[in-house]
Amino acid sequence: MTQRNGIRGSSDPSLHSETFDLANGLDHDEGQEAAADCERGRGSESGDPVAITGGAVTAPDGGWGWAVLVATILVLAMTLGFPSCVGIFYTDLQNEFHASNSETSWVPSIMTSALHAGGPFCSVLVGKLGCRATVMLGGVLSGLGMAASSFTNSIAELYVTAGVITGLGFCFSFQPAVTILGHYFVRRRAFANAMSSTGTALGLCTLPFLGSYLHSEFGWRGSFLILGAVLLNCCVCGAVMRPLQPKKHRGQPLMDRTPPPSEKQTKRELRLGTRWRSLVASVKEHMAFDQFLNNRHYRVFAIGITFMMLGFVVPLIYLVPYATAYGMEPSRAALLLSILGIVNIVVRPPFAIMFNMPWFKGRHVYVFASALLFNGLSNCICCIGAGFPVLVAYVVTYGLSMSVVGSLMFTVLMDIVEMRRFPSALGLLAVMESITLLIGPPLAGVLVDTTQQYFYVFIACSAVVASSALFLILSFLWLDKKERKASLQGQLSAQPAAEKPAADAPPVCEYSDRP
(Lines of atoms letter the chains of each structure in order from A and count residues from 1; the text may use other names and numbers.)
(Lines give C-alpha, C1' and ligand atoms only; values in the text may rest on other atoms or scores of the structure.)
Protein backbone atom coordinates (compact mmCIF):
# COMPACT_ATOMS: atom_id res chain seq x y z
CA MET A 1 0.00 0.00 0.00
CA THR A 2 5.64 7.31 -0.70
CA GLN A 3 4.41 9.87 1.24
CA ARG A 4 5.01 13.35 0.79
CA ASN A 5 6.88 14.68 3.78
CA GLY A 6 4.81 17.70 3.36
CA ILE A 7 3.90 16.97 -0.21
CA ARG A 8 5.99 14.45 -2.15
CA GLY A 9 9.54 14.67 -1.03
CA SER A 10 9.75 11.67 1.20
CA SER A 11 11.07 9.23 -1.36
CA ASP A 12 14.17 11.18 -2.21
CA PRO A 13 16.36 8.67 -4.03
CA SER A 14 19.70 10.11 -3.00
CA LEU A 15 21.84 7.35 -1.60
CA HIS A 16 25.20 9.05 -2.15
CA SER A 17 25.81 9.51 1.57
CA GLU A 18 24.91 5.94 2.56
CA THR A 19 28.43 4.56 2.10
CA PHE A 20 29.91 7.46 4.03
CA ASP A 21 27.44 6.97 6.89
CA LEU A 22 28.12 3.27 7.13
CA ALA A 23 31.88 3.71 6.96
CA ASN A 24 32.05 6.33 9.68
CA GLY A 25 29.28 4.93 11.86
CA LEU A 26 26.28 7.12 12.56
CA ASP A 27 26.05 7.99 16.25
CA HIS A 28 23.14 6.25 17.94
CA ASP A 29 22.44 9.33 20.03
CA GLU A 30 21.82 11.22 16.82
CA GLY A 31 19.14 8.71 15.89
CA GLN A 32 17.69 8.93 19.38
CA GLU A 33 17.32 12.71 19.38
CA ALA A 34 16.70 13.42 15.76
CA ALA A 35 13.06 13.39 14.77
CA ALA A 36 9.48 13.69 15.71
CA ASP A 37 8.16 10.65 17.46
CA CYS A 38 5.56 8.28 16.11
CA GLU A 39 4.36 8.31 19.67
CA ARG A 40 2.87 11.76 19.14
CA GLY A 41 4.62 14.00 21.52
CA ARG A 42 5.05 11.66 24.44
CA GLY A 43 8.35 13.39 25.29
CA SER A 44 11.04 11.77 27.38
CA GLU A 45 10.41 8.31 28.71
CA SER A 46 12.42 9.12 31.79
CA GLY A 47 10.97 10.92 34.74
CA ASP A 48 13.35 13.86 34.45
CA PRO A 49 11.82 17.20 33.55
CA VAL A 50 12.95 18.34 30.16
CA ALA A 51 12.53 21.41 28.05
CA ILE A 52 12.02 20.67 24.39
CA THR A 53 13.58 23.22 22.11
CA GLY A 54 13.41 23.64 18.40
CA GLY A 55 10.40 22.83 16.26
CA ALA A 56 11.44 21.07 13.10
CA VAL A 57 13.52 17.95 13.51
CA THR A 58 14.89 15.51 10.96
CA ALA A 59 14.79 11.73 10.76
CA PRO A 60 18.18 10.06 11.33
CA ASP A 61 18.07 8.01 8.09
CA GLY A 62 20.54 5.63 9.70
CA GLY A 63 22.11 5.11 13.10
CA TRP A 64 19.71 3.23 15.35
CA GLY A 65 17.34 3.19 12.39
CA TRP A 66 19.23 0.20 10.98
CA ALA A 67 18.44 -1.77 14.16
CA VAL A 68 14.80 -0.73 13.82
CA LEU A 69 14.89 -1.91 10.19
CA VAL A 70 16.17 -5.35 11.22
CA ALA A 71 13.50 -5.56 13.93
CA THR A 72 10.82 -4.61 11.40
CA ILE A 73 12.04 -7.33 9.02
CA LEU A 74 11.70 -9.92 11.77
CA VAL A 75 8.25 -8.66 12.79
CA LEU A 76 7.00 -8.88 9.20
CA ALA A 77 8.49 -12.37 8.92
CA MET A 78 6.53 -13.55 11.95
CA THR A 79 3.26 -11.77 11.09
CA LEU A 80 2.72 -11.44 7.34
CA GLY A 81 4.54 -14.68 6.56
CA PHE A 82 2.69 -16.77 9.13
CA PRO A 83 -0.81 -17.28 7.59
CA SER A 84 0.59 -19.17 4.60
CA CYS A 85 2.26 -21.57 7.04
CA VAL A 86 -1.19 -22.71 8.21
CA GLY A 87 -1.62 -24.55 4.90
CA ILE A 88 0.84 -27.19 6.16
CA PHE A 89 -1.67 -28.20 8.86
CA TYR A 90 -4.68 -27.89 6.53
CA THR A 91 -5.33 -31.61 6.07
CA ASP A 92 -4.77 -32.39 9.76
CA LEU A 93 -7.31 -29.77 10.78
CA GLN A 94 -9.82 -31.19 8.33
CA ASN A 95 -9.39 -34.71 9.68
CA GLU A 96 -9.31 -33.65 13.34
CA PHE A 97 -12.51 -31.61 13.25
CA HIS A 98 -14.22 -33.38 10.29
CA ALA A 99 -14.44 -30.04 8.48
CA SER A 100 -14.92 -29.23 4.81
CA ASN A 101 -12.52 -27.16 2.70
CA SER A 102 -14.70 -24.10 3.19
CA GLU A 103 -14.88 -24.51 6.98
CA THR A 104 -11.14 -25.11 7.35
CA SER A 105 -10.20 -22.18 5.13
CA TRP A 106 -11.92 -19.83 7.58
CA VAL A 107 -8.96 -20.26 9.97
CA PRO A 108 -6.30 -18.47 7.85
CA SER A 109 -9.02 -16.22 6.45
CA ILE A 110 -10.07 -14.89 9.87
CA MET A 111 -6.42 -14.62 10.90
CA THR A 112 -5.52 -12.51 7.87
CA SER A 113 -8.70 -10.46 8.11
CA ALA A 114 -8.12 -9.66 11.79
CA LEU A 115 -4.54 -8.69 10.93
CA HIS A 116 -5.93 -5.95 8.71
CA ALA A 117 -9.26 -5.10 10.38
CA GLY A 118 -7.57 -4.21 13.66
CA GLY A 119 -5.97 -1.17 12.02
CA PRO A 120 -8.14 1.49 13.74
CA PHE A 121 -7.69 -0.13 17.16
CA CYS A 122 -3.98 -0.27 16.47
CA SER A 123 -3.90 3.43 15.57
CA VAL A 124 -5.58 4.29 18.87
CA LEU A 125 -3.11 2.12 20.80
CA VAL A 126 -0.17 3.75 19.02
CA GLY A 127 -1.54 7.16 20.02
CA LYS A 128 -1.98 6.09 23.65
CA LEU A 129 0.92 3.69 24.23
CA GLY A 130 3.37 4.39 21.43
CA CYS A 131 4.78 2.13 18.72
CA ARG A 132 7.15 0.18 20.97
CA ALA A 133 4.55 -0.88 23.55
CA THR A 134 1.96 -1.70 20.88
CA VAL A 135 4.36 -4.02 19.03
CA MET A 136 5.15 -5.82 22.28
CA LEU A 137 1.45 -6.13 23.13
CA GLY A 138 0.89 -7.69 19.71
CA GLY A 139 3.63 -10.23 20.37
CA VAL A 140 1.96 -11.28 23.61
CA LEU A 141 -1.47 -11.60 21.96
CA SER A 142 -0.26 -13.62 18.97
CA GLY A 143 1.82 -15.93 21.15
CA LEU A 144 -1.05 -16.60 23.55
CA GLY A 145 -3.47 -17.09 20.65
CA MET A 146 -1.40 -19.80 18.99
CA ALA A 147 -0.64 -21.48 22.32
CA ALA A 148 -4.36 -21.57 23.16
CA SER A 149 -5.07 -23.02 19.70
CA SER A 150 -3.22 -26.19 20.63
CA PHE A 151 -5.90 -26.93 23.27
CA THR A 152 -9.01 -26.33 21.12
CA ASN A 153 -11.65 -29.02 20.68
CA SER A 154 -13.62 -27.64 17.73
CA ILE A 155 -13.07 -25.68 14.56
CA ALA A 156 -15.15 -22.81 16.00
CA GLU A 157 -12.76 -22.46 18.94
CA LEU A 158 -9.90 -22.35 16.46
CA TYR A 159 -11.61 -19.44 14.71
CA VAL A 160 -11.36 -17.45 17.95
CA THR A 161 -7.86 -18.44 19.11
CA ALA A 162 -5.87 -18.82 15.89
CA GLY A 163 -8.13 -16.48 13.94
CA VAL A 164 -9.21 -13.48 16.00
CA ILE A 165 -6.70 -13.38 18.88
CA THR A 166 -3.61 -14.29 16.86
CA GLY A 167 -4.70 -12.07 13.96
CA LEU A 168 -5.15 -9.05 16.22
CA GLY A 169 -1.75 -9.73 17.73
CA PHE A 170 -0.24 -9.72 14.24
CA CYS A 171 -1.97 -6.41 13.53
CA PHE A 172 -0.69 -4.75 16.71
CA SER A 173 2.87 -5.84 15.86
CA PHE A 174 2.89 -5.25 12.12
CA GLN A 175 1.38 -1.78 11.64
CA PRO A 176 3.36 0.11 14.33
CA ALA A 177 6.58 -1.47 13.05
CA VAL A 178 5.92 -0.12 9.55
CA THR A 179 4.90 3.26 10.98
CA ILE A 180 7.98 3.81 13.14
CA LEU A 181 10.21 2.77 10.24
CA GLY A 182 8.71 5.61 8.21
CA HIS A 183 9.72 8.04 10.96
CA TYR A 184 13.30 6.78 11.12
CA PHE A 185 13.83 7.04 7.33
CA VAL A 186 12.92 9.88 4.96
CA ARG A 187 15.62 10.19 2.29
CA ARG A 188 16.09 6.43 2.20
CA ARG A 189 12.43 5.59 2.77
CA ALA A 190 11.90 3.67 -0.49
CA PHE A 191 15.03 1.65 0.25
CA ALA A 192 13.98 0.99 3.87
CA ASN A 193 10.45 -0.04 2.90
CA ALA A 194 11.69 -2.39 0.20
CA MET A 195 14.23 -3.94 2.56
CA SER A 196 11.63 -4.37 5.30
CA SER A 197 9.38 -6.19 2.85
CA THR A 198 12.00 -8.95 2.72
CA GLY A 199 10.63 -9.91 6.12
CA THR A 200 7.58 -11.44 4.45
CA ALA A 201 9.90 -13.40 2.19
CA LEU A 202 11.98 -14.48 5.18
CA GLY A 203 8.84 -15.80 6.84
CA LEU A 204 7.75 -17.62 3.69
CA CYS A 205 11.19 -19.18 3.44
CA THR A 206 11.70 -20.34 7.04
CA LEU A 207 8.24 -20.88 8.56
CA PRO A 208 7.20 -23.68 6.14
CA PHE A 209 10.41 -25.59 6.95
CA LEU A 210 9.86 -25.02 10.66
CA GLY A 211 6.18 -25.92 10.44
CA SER A 212 6.87 -29.08 8.44
CA TYR A 213 9.52 -30.22 10.92
CA LEU A 214 7.34 -29.49 13.94
CA HIS A 215 4.39 -31.21 12.28
CA SER A 216 6.35 -34.41 11.73
CA GLU A 217 7.78 -34.39 15.26
CA PHE A 218 4.96 -33.07 17.46
CA GLY A 219 1.76 -33.07 15.40
CA TRP A 220 -0.37 -30.01 14.80
CA ARG A 221 -1.15 -29.35 18.48
CA GLY A 222 2.47 -29.42 19.60
CA SER A 223 3.43 -27.36 16.57
CA PHE A 224 0.92 -24.64 17.42
CA LEU A 225 2.22 -24.49 20.99
CA ILE A 226 5.84 -24.09 19.87
CA LEU A 227 4.91 -21.58 17.16
CA GLY A 228 3.19 -19.53 19.85
CA ALA A 229 6.50 -19.36 21.70
CA VAL A 230 8.23 -18.29 18.49
CA LEU A 231 5.75 -15.44 18.02
CA LEU A 232 6.65 -14.05 21.45
CA ASN A 233 9.87 -12.85 19.83
CA CYS A 234 7.82 -9.94 18.48
CA CYS A 235 8.14 -8.54 22.02
CA VAL A 236 11.93 -8.54 21.66
CA CYS A 237 11.68 -6.78 18.30
CA GLY A 238 9.32 -4.22 19.78
CA ALA A 239 11.78 -3.44 22.56
CA VAL A 240 14.32 -2.40 19.91
CA MET A 241 11.94 0.19 18.43
CA ARG A 242 12.73 2.98 20.86
CA PRO A 243 10.86 6.21 20.18
CA LEU A 244 12.55 9.14 18.50
CA GLN A 245 12.89 12.13 20.82
CA PRO A 246 13.13 15.83 20.02
CA LYS A 247 16.26 17.60 21.21
CA LYS A 248 16.02 18.43 24.88
CA HIS A 249 17.89 20.27 27.62
CA ARG A 250 17.73 18.82 31.10
CA GLY A 251 17.06 20.81 34.23
CA GLN A 252 14.55 23.23 32.74
CA PRO A 253 10.95 22.07 33.14
CA LEU A 254 8.74 22.72 30.15
CA MET A 255 5.68 23.24 32.35
CA ASP A 256 4.29 22.43 35.74
CA ARG A 257 3.20 18.80 35.77
CA THR A 258 0.22 19.60 38.01
CA PRO A 259 -2.72 20.75 35.91
CA PRO A 260 -4.26 24.07 36.97
CA PRO A 261 -7.54 24.02 38.89
CA SER A 262 -9.43 25.39 35.90
CA GLU A 263 -8.28 22.40 33.81
CA LYS A 264 -9.46 19.96 36.47
CA GLN A 265 -12.76 21.74 36.67
CA THR A 266 -13.14 21.64 32.90
CA LYS A 267 -12.53 17.90 32.84
CA ARG A 268 -15.13 17.35 35.54
CA GLU A 269 -17.71 19.39 33.66
CA LEU A 270 -17.46 17.44 30.42
CA ARG A 271 -20.92 16.39 29.29
CA LEU A 272 -22.12 13.50 27.20
CA GLY A 273 -22.31 15.63 24.06
CA THR A 274 -18.70 16.72 24.44
CA ARG A 275 -17.58 13.13 24.97
CA TRP A 276 -19.50 12.03 21.89
CA ARG A 277 -17.90 14.75 19.77
CA SER A 278 -14.52 13.70 21.10
CA LEU A 279 -15.23 10.09 20.15
CA VAL A 280 -16.32 11.06 16.65
CA ALA A 281 -13.22 13.22 16.23
CA SER A 282 -11.03 10.32 17.37
CA VAL A 283 -12.66 7.95 14.88
CA LYS A 284 -12.16 10.47 12.08
CA GLU A 285 -8.54 10.95 13.10
CA HIS A 286 -7.72 7.25 13.06
CA MET A 287 -9.78 6.21 10.02
CA ALA A 288 -8.80 8.79 7.36
CA PHE A 289 -12.33 9.12 5.96
CA ASP A 290 -11.43 12.63 4.81
CA GLN A 291 -8.55 11.20 2.80
CA PHE A 292 -10.86 8.67 1.16
CA LEU A 293 -13.39 11.37 0.26
CA ASN A 294 -11.04 14.16 -0.81
CA ASN A 295 -7.86 12.42 -2.02
CA ARG A 296 -8.73 10.80 -5.34
CA HIS A 297 -5.42 8.98 -5.63
CA TYR A 298 -5.89 7.40 -2.21
CA ARG A 299 -9.48 6.47 -3.02
CA VAL A 300 -8.49 4.73 -6.25
CA PHE A 301 -5.58 2.96 -4.59
CA ALA A 302 -7.72 1.78 -1.68
CA ILE A 303 -10.45 0.40 -3.97
CA GLY A 304 -7.94 -1.36 -6.21
CA ILE A 305 -6.01 -2.93 -3.33
CA THR A 306 -9.21 -4.03 -1.62
CA PHE A 307 -10.38 -5.89 -4.71
CA MET A 308 -6.88 -7.29 -5.27
CA MET A 309 -6.83 -8.88 -1.82
CA LEU A 310 -9.80 -11.04 -2.80
CA GLY A 311 -7.40 -13.25 -4.74
CA PHE A 312 -3.85 -12.20 -3.88
CA VAL A 313 -3.21 -14.39 -0.81
CA VAL A 314 -5.48 -17.31 -1.73
CA PRO A 315 -2.84 -19.12 -3.87
CA LEU A 316 -0.45 -19.16 -0.90
CA ILE A 317 -3.10 -20.87 1.23
CA TYR A 318 -4.10 -23.47 -1.36
CA LEU A 319 -0.72 -24.22 -2.93
CA VAL A 320 0.24 -26.98 -0.47
CA PRO A 321 -3.23 -28.65 -0.46
CA TYR A 322 -3.25 -28.48 -4.27
CA ALA A 323 0.13 -30.20 -4.51
CA THR A 324 -0.63 -32.88 -1.90
CA ALA A 325 -4.02 -33.63 -3.48
CA TYR A 326 -2.17 -34.79 -6.59
CA GLY A 327 0.18 -37.09 -4.68
CA MET A 328 3.08 -34.83 -3.75
CA GLU A 329 4.70 -35.48 -0.38
CA PRO A 330 3.85 -32.84 2.27
CA SER A 331 7.52 -32.04 2.90
CA ARG A 332 8.10 -31.47 -0.81
CA ALA A 333 4.96 -29.36 -1.06
CA ALA A 334 6.16 -27.23 1.86
CA LEU A 335 9.43 -26.78 -0.04
CA LEU A 336 7.47 -24.83 -2.68
CA LEU A 337 6.67 -22.11 -0.15
CA SER A 338 10.30 -22.04 0.92
CA ILE A 339 11.40 -21.59 -2.70
CA LEU A 340 8.93 -18.73 -2.95
CA GLY A 341 10.50 -17.15 0.11
CA ILE A 342 14.04 -17.64 -1.20
CA VAL A 343 13.13 -15.92 -4.48
CA ASN A 344 11.77 -12.96 -2.52
CA ILE A 345 14.85 -12.76 -0.29
CA VAL A 346 17.24 -12.81 -3.26
CA VAL A 347 15.28 -10.38 -5.42
CA ARG A 348 13.98 -7.73 -3.03
CA PRO A 349 17.30 -6.12 -1.98
CA PRO A 350 18.28 -5.31 -5.59
CA PHE A 351 14.76 -4.02 -6.18
CA ALA A 352 15.13 -1.87 -3.05
CA ILE A 353 18.18 -0.15 -4.52
CA MET A 354 16.69 0.11 -8.00
CA PHE A 355 13.38 1.66 -6.89
CA ASN A 356 15.29 4.40 -5.05
CA MET A 357 16.79 5.65 -8.32
CA PRO A 358 15.63 9.05 -9.65
CA TRP A 359 13.88 7.55 -12.69
CA PHE A 360 11.35 5.69 -10.54
CA LYS A 361 10.31 8.78 -8.59
CA GLY A 362 6.70 9.47 -9.55
CA ARG A 363 6.41 6.11 -11.33
CA HIS A 364 6.15 3.81 -8.31
CA VAL A 365 2.43 3.20 -8.74
CA TYR A 366 2.80 2.15 -12.39
CA VAL A 367 5.62 -0.27 -11.60
CA PHE A 368 3.50 -1.62 -8.74
CA ALA A 369 0.41 -2.11 -10.91
CA SER A 370 2.40 -3.69 -13.76
CA ALA A 371 3.93 -6.20 -11.36
CA LEU A 372 0.46 -6.89 -9.98
CA LEU A 373 -0.81 -7.65 -13.48
CA PHE A 374 2.09 -10.05 -14.03
CA ASN A 375 1.37 -11.64 -10.66
CA GLY A 376 -2.25 -12.27 -11.54
CA LEU A 377 -1.43 -13.84 -14.88
CA SER A 378 1.21 -16.09 -13.31
CA ASN A 379 -1.52 -18.03 -11.48
CA CYS A 380 -2.53 -19.57 -14.80
CA ILE A 381 0.69 -21.62 -14.76
CA CYS A 382 -0.88 -23.94 -12.17
CA CYS A 383 -3.46 -24.96 -14.76
CA ILE A 384 -0.73 -26.71 -16.76
CA GLY A 385 -0.30 -29.41 -14.13
CA ALA A 386 0.54 -30.23 -10.53
CA GLY A 387 4.00 -31.68 -11.08
CA PHE A 388 6.92 -30.41 -9.05
CA PRO A 389 8.77 -28.75 -12.00
CA VAL A 390 5.61 -26.91 -13.06
CA LEU A 391 4.90 -25.67 -9.55
CA VAL A 392 8.53 -24.60 -9.10
CA ALA A 393 8.22 -22.51 -12.26
CA TYR A 394 5.00 -21.08 -10.84
CA VAL A 395 6.45 -20.08 -7.46
CA VAL A 396 9.51 -18.50 -9.10
CA THR A 397 7.33 -16.44 -11.45
CA TYR A 398 4.89 -15.60 -8.69
CA GLY A 399 7.76 -14.73 -6.34
CA LEU A 400 9.36 -12.27 -8.76
CA SER A 401 6.16 -10.29 -9.20
CA MET A 402 5.30 -10.60 -5.52
CA SER A 403 8.69 -9.07 -4.67
CA VAL A 404 7.91 -5.92 -6.63
CA VAL A 405 4.40 -5.68 -5.20
CA GLY A 406 5.63 -6.13 -1.64
CA SER A 407 8.54 -3.72 -2.10
CA LEU A 408 6.33 -0.88 -3.34
CA MET A 409 3.07 -1.36 -1.42
CA PHE A 410 3.85 1.03 1.44
CA THR A 411 6.01 3.28 -0.72
CA VAL A 412 3.06 3.99 -3.03
CA LEU A 413 0.81 4.70 -0.06
CA MET A 414 3.39 7.10 1.40
CA ASP A 415 3.57 8.88 -1.98
CA ILE A 416 -0.19 9.38 -1.94
CA VAL A 417 -0.73 10.66 1.62
CA GLU A 418 1.25 12.80 4.02
CA MET A 419 3.34 10.93 6.56
CA ARG A 420 1.41 12.37 9.50
CA ARG A 421 -1.74 10.76 8.03
CA PHE A 422 -0.04 7.50 7.06
CA PRO A 423 -1.09 5.48 10.16
CA SER A 424 -4.76 6.43 9.74
CA ALA A 425 -4.64 5.93 5.96
CA LEU A 426 -3.06 2.52 6.46
CA GLY A 427 -5.68 1.73 9.10
CA LEU A 428 -8.62 2.52 6.82
CA LEU A 429 -7.02 0.62 3.95
CA ALA A 430 -6.46 -2.34 6.24
CA VAL A 431 -10.11 -2.37 7.30
CA MET A 432 -11.23 -2.33 3.67
CA GLU A 433 -8.79 -5.12 2.83
CA SER A 434 -10.02 -7.21 5.73
CA ILE A 435 -13.44 -7.64 4.12
CA THR A 436 -12.10 -9.26 0.96
CA LEU A 437 -9.40 -11.12 2.87
CA LEU A 438 -12.13 -12.59 5.06
CA ILE A 439 -14.34 -13.85 2.23
CA GLY A 440 -11.63 -14.79 -0.30
CA PRO A 441 -10.39 -18.13 1.10
CA PRO A 442 -13.88 -19.40 2.07
CA LEU A 443 -15.17 -18.59 -1.42
CA ALA A 444 -12.24 -20.54 -2.81
CA GLY A 445 -13.13 -23.38 -0.45
CA VAL A 446 -16.71 -23.40 -1.73
CA LEU A 447 -15.34 -23.51 -5.28
CA VAL A 448 -13.18 -26.53 -4.42
CA ASP A 449 -16.04 -28.32 -2.64
CA THR A 450 -18.31 -27.71 -5.63
CA THR A 451 -15.94 -28.61 -8.46
CA GLN A 452 -13.60 -31.01 -6.62
CA GLN A 453 -10.77 -29.33 -8.55
CA TYR A 454 -8.17 -26.94 -7.13
CA PHE A 455 -7.02 -25.34 -10.37
CA TYR A 456 -10.30 -23.40 -10.69
CA VAL A 457 -9.19 -21.47 -7.62
CA PHE A 458 -6.02 -20.32 -9.37
CA ILE A 459 -7.97 -19.30 -12.48
CA ALA A 460 -10.35 -17.20 -10.38
CA CYS A 461 -7.44 -15.59 -8.52
CA SER A 462 -5.76 -14.77 -11.81
CA ALA A 463 -8.85 -12.96 -13.07
CA VAL A 464 -9.35 -10.99 -9.85
CA VAL A 465 -5.75 -9.82 -9.40
CA ALA A 466 -5.22 -8.98 -13.08
CA SER A 467 -8.43 -6.95 -13.27
CA SER A 468 -7.49 -4.98 -10.15
CA ALA A 469 -4.10 -4.19 -11.71
CA LEU A 470 -5.76 -2.91 -14.89
CA PHE A 471 -8.08 -0.77 -12.77
CA LEU A 472 -5.11 0.84 -11.00
CA ILE A 473 -3.17 1.49 -14.20
CA LEU A 474 -6.08 3.05 -16.10
CA SER A 475 -7.32 5.07 -13.12
CA PHE A 476 -3.93 6.59 -12.29
CA LEU A 477 -3.28 7.37 -15.95
CA TRP A 478 -6.59 9.23 -16.07
CA LEU A 479 -5.91 11.09 -12.81
CA ASP A 480 -2.40 12.10 -13.87
CA LYS A 481 -3.67 13.26 -17.26
CA LYS A 482 -6.33 15.33 -15.54
CA GLU A 483 -3.74 16.89 -13.21
CA ARG A 484 -1.42 17.76 -16.11
CA LYS A 485 -4.29 19.36 -17.98
CA ALA A 486 -5.31 21.41 -14.94
CA SER A 487 -1.70 22.46 -14.38
CA LEU A 488 -1.34 23.55 -18.01
CA GLN A 489 -4.54 25.58 -17.84
CA GLY A 490 -3.31 27.22 -14.66
CA GLN A 491 -0.06 28.22 -16.34
CA LEU A 492 -1.89 29.66 -19.36
CA SER A 493 -4.28 31.66 -17.18
CA ALA A 494 -1.36 33.00 -15.14
CA GLN A 495 0.50 34.36 -18.20
CA PRO A 496 -1.87 37.28 -19.04
CA ALA A 497 -1.89 38.35 -15.39
CA ALA A 498 1.91 38.47 -15.38
CA GLU A 499 1.95 40.67 -18.52
CA LYS A 500 -0.32 43.36 -16.98
CA PRO A 501 1.33 46.67 -15.91
CA ALA A 502 2.32 46.96 -12.30
CA ALA A 503 -0.30 49.70 -11.73
CA ASP A 504 -3.10 47.20 -12.34
CA ALA A 505 -1.74 44.74 -9.78
CA PRO A 506 -3.52 44.70 -6.40
CA PRO A 507 -1.61 45.82 -3.33
CA VAL A 508 0.56 43.20 -1.72
CA CYS A 509 -1.29 43.48 1.57
CA GLU A 510 -4.66 42.71 -0.01
CA TYR A 511 -6.16 39.35 0.86
CA SER A 512 -6.76 36.77 -1.82
CA ASP A 513 -10.30 35.60 -2.54
CA ARG A 514 -9.18 32.01 -2.00
CA PRO A 515 -8.63 31.05 1.66
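Just so you know, the numbers here start at 1 and follow the chain as drawn.
Placement of Cβ uses the backbone N, Cα and C atoms for every residue, glycine included.
What TrEMBL annotates here:
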type	residues	note
COMPBIAS	26-45	compositional bias 'Basic and acidic residues'
COMPBIAS	494-507	compositional bias 'Low complexity'
DOMAIN	67-477	domain 'Major facilitator superfamily (MFS) profile'
REGION	1-54	region 'Disordered'
REGION	248-267	region 'Disordered'
REGION	490-515	region 'Disordered'
TRANSMEM	66-90	transmembrane segment
TRANSMEM	106-126	transmembrane segment
TRANSMEM	133-152	transmembrane segment
TRANSMEM	158-178	transmembrane segment
TRANSMEM	190-210	transmembrane segment
TRANSMEM	222-241	transmembrane segment
TRANSMEM	300-321	transmembrane segment
TRANSMEM	333-353	transmembrane segment
TRANSMEM	365-388	transmembrane segment
TRANSMEM	394-413	transmembrane segment
TRANSMEM	425-448	transmembrane segment
TRANSMEM	454-479	transmembrane segment
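The transmembrane segment (365-388) is not in contact with the transmembrane segment (425-448), judged by fewer than 3 CB-CB distances under 8 Å for residue pairs 6 or more apart in sequence. Packing against the transmembrane segment (425-448) from elsewhere in the chain are residues 1, 100-106, 108-110, 112-120, 122-123, 171, 175, 178-179, 286-289, 291-292, 298, 301-303, 305-307, 309-311, 313-314, 317-318, 410, 413, 416-417, 454, 456-457, 460-461: each is 6 or more residues past its ends and has a CB under 8 Å from a CB in it. Within the chain, the transmembrane segment (333-353) has long-range Cβ neighbours (under 8 A, six or more residues past its boundaries) at 15, 81, 84-85, 87-88, 190-191, 193-195, 197-198, 200-209, 211-212, 316, 319-320, 323-324, 391-392, 395-396, 398-400, 402-404, 406-407. On the 0 to 100 pLDDT scale, the domain 'Major facilitator superfamily (MFS) profile' (67-477) averages 84 in this prediction.
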